Amino acid sequence: MTGLFQLVSSYSPSGDQPAAVQKLVTNFHAGIAKQVLLGVTGSGKTYTIANVVEQIQKPTLVMAPNKTLAAQLYGEFKAFFPHNAVEYFVSYYDYYQPEAYVPASDTFIEKDSSINEYIEQMRLAATKALLSRSDVLVVATVSAIYGLGAPEDYLSLRLILSLGEHIEQRQLIRHLTELQYTRNELDLVRGSFRVRGEVVDVFPAESEMEALRIELFDGEIESLSLFDPLTGQTVRKLQRFSVYPKTHYATTRERTLSAVDTIKDELKEYLELLYGRNKLVEAQRLAQRTQFDLEMMAEVGYCNGIENYSRHLTGKAPGEPPPTLFDYLPPDALLVIDESHVTIPQIGAMFKGDRSRKETLVEFGFRLPSALDNRPLRFEEWEVRSPRSIYVSATPGSYEFRESAGEVIELLVRPTGLIDPEIEIRPVATQVDDLISQINACIKLGDRVLVTTLTKRMAENLTEYLSEQGIRIRYLHSEIDTVERVEIIRDLRLGKFDVLVGINLLREGLDMPEVSLVAILDADKEGFLRSTSSLIQTIGRAARSVRGRAILYADKVTRSMRAAIDETERRRQKQKEYNAENGIVPKSVVRPISDILEGARDGVEVKSKGKGRRVDEVPADYGALNQAEIAAQMKVLEQKMYQHARDLEFEDAARIRDQIQRLREAGLG
C-alpha cells in the first residue's frame, strides 16, 4: 500500500532547524540540483532531513560511508517513519574474498564469500519497495553503485496474482521456478514454496515474517492471504499480490540462452587474439574455464561467477555502465549523502580498485574482457544518475561546495543548547600520564572517554598500558566486523567499559552522549588523520555532553589545528549568542540505548521464519573465578554449545559461544 510520509516524533523543529528545513524544501521545489547541509554534531541533521522528506513527499535514498553509520541511520529513520517503507541496502557479504591472480607468484585465488541471508532479504525488500510504492526511504552504503539486475527484467519477471484470476497450478509452479524459487515440502523457508492439493504456499524472498497462501479451485484463484509460516495463522486477506524474483540477478531462459550465444562469440574472438600473441597457456585456460561455465548456464541456468557475464545477460554494450540501485530510483527522487566529505571520495575510488584486479584476470586468461563490465559505476556515471541531492556533513569538502554553487544551509545551533567542546592544547611529552589523570576524572563523573592515536601499534600499546593501570578499556580497529563494532559502541554507552581507543574509527556518526572527553594524541602530526576535517569531526564526538571537552596533545599548532580550532570557536560563539538570546541552559543529550539494527546482535529479538525469539542470558561474574574454575566452566559450556548445535538450536549455541569468549577474556585478564 502506498501512502504519504508521516513523521512521528515527540518534538518539533527548533534552533536552526525550521529555517534549514524551509530553505532545503524551497530549493528542492525550485529545481536546485545540489545543496549542502552543514550541520555540527548533535544539531539534528537526521531529524532535519526527516522533516524535508515529509514535506517533499518523494522517494529518498540516503547514502552513508559505512555499515555502522548506515545501521544507525536506518534505526533513526525507522523510528521517524514507522508507517512508511524504510529499507536497508548494504553489501550482503559477511565475508568476501574476490577472485584474483598474482602473476609474480603464479597464484590464483578463487572467489570465496559468505552471504548474510537477513541482509539479502532487506536488499530485496528495498528494491521491491522502490518499484511498488512512493513512500519509501532507503538507507544504503556505496554498495548502491555496484551492479544489480536490471529493473526492467526484475519487473517483467514478477508474478502478479489477483483474486478470481484464472491460472493453472502447473503454470503457477512453472512461473515460481522461473523466479528461482525452490520447492520444499518439508520446511517453508524464505525463497521457497510448497504445494498441498490446490493450495500453494510461497515465502517471498523479500518478506521478513509473512508467507503467501494461494488457494485455487478449478484453475481460479479463490483466496489470497498472508499467514505466519510458523503457526499457520492467517494475518490478513488480500485482493492482489506481486511475487518478485528470489534474486536481483534472475533472468528468463530465453535471455540466458541468448547470452550463451554471445559469450561463445566473444570467446572465439578473444581466443584468436591470445593465439595471435602466442599466449597459448592463457588461451587454453580461458577456453576450458569458459566452456565449463557455458555448459552450466545451458543446463541449469547459472554458474559460479555468473556476475562476470552480466553484460551479456543484461544485453548491454561493451563499456556501458551496469544497472545499479540508482536505476530503481524514480527521476524525481531525493538523494541524501551523509558524511559527504567521506562518502564522495569513497564513491570515486571504487571503480579504480575493481578495474586493476580484473584487468589482470583478463590478461592472463582467467576471464573474458566482458568481465570488466561487471563493475561499480565510475564517478562521472554516478553523477549523471544522481537525482537532486543534499550533501550532509559537519565538514563538507571542496567538491560539495563547488557543486552546490553556494547553496549552503548551516545547522550550528543544537536544540539542547549544547555548545561545541572547549579545546585545550597540552604537551606531547607527558601525554600518556596526563591522559590517565583526565580519564580518572571523567570516570568519577560517570562519563566515557574516546582516545584517538595515529598508528595501530600505538593504539594496542596504549590499550595494554591503560588496562594495566586498572582502566576498563577497549580497542576499536578495522578488523572488527560490523556487528561487533555496533556491540562495542553499545557496551561503551552501557558502561561496561569507560575508554574506547581507535585510529580512524572515532569520527563520523558515532552517536555517544555519554562521552565527555575526546583525547587526540600527536595532534600536530600533519596528515589525513590530523587534517582540519578529521580534527573537527573527532572533536565533535564530545559535543553531546554538557561537560564536553577535547584535548589536543601537540608541541606546535599546525595549520590544520589552527583551522579546526578557529572553526570550532566560530561555532561556539554563535551557539553561545543563541542560548543567551533565548534563555537556554545547555543540557546533555539523553538517548535510550537500543540496538540500531534489529537482528544484529545475539541477546536481542531475532526474527526468522515468522517468529520472534528472545535469547535470555543470566549475567555472570567471571572475574571472581580462578584459572582452574574458568577452565572447568569453559569445558561445561562447550559441551552445552555443541549439544545446542546438534539440536539445531543455533541461537542458544551462539549465546553460549559468547559466554565462552567472555570466560576466555577473563582468564587472560
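Glycine is treated like the rest: Cβ placed from N, Cα and C.
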- Query: Any idea which of 92-115, 188-211, 284-307, 332-355 is down as motif 'Beta-hairpin' in Swiss-Prot?
  - Reply: 92-115
- Note on the structure: Contact set of the motif 'Beta-hairpin' (92-115) with the rest of its chain, CB cutoff 8 A exclusive, min separation 6+ beyond the ends, reads 123, 304-305, 357, 360-361, 364, 366-367, 481
- Helix, strand and coil totals (DSSP H, G, I; E, B; other) for the motif 'Beta-hairpin' (92-115): 3 helix, 15 strand, 6 coil
- Using all protein chains shown, find which of the binding-site residues Thr41, Ser43, Thr46 scores highest when you count other CB atoms within 10 A of its CB. Ser43
- Taking the recorded ATP site as Gly39, Val40, Thr41, Gly42, Ser43, Gly44, Lys45, Thr46, identify the other residues of that chain whose CB atom sits within 8 Å of the mean position of the site's CB atoms, giving them in sequence order. Thr48, Ala394, Leu411, Arg414
- Query: Across the domain 'Helicase ATP-binding' (26-183), what is the average pLDDT of the model, as a whole number?
  - Reply: 92
- Message: For Gly44 (ATP binding site), which of the three DSSP-derived states applies: helix, strand, or coil?
- Response: coil
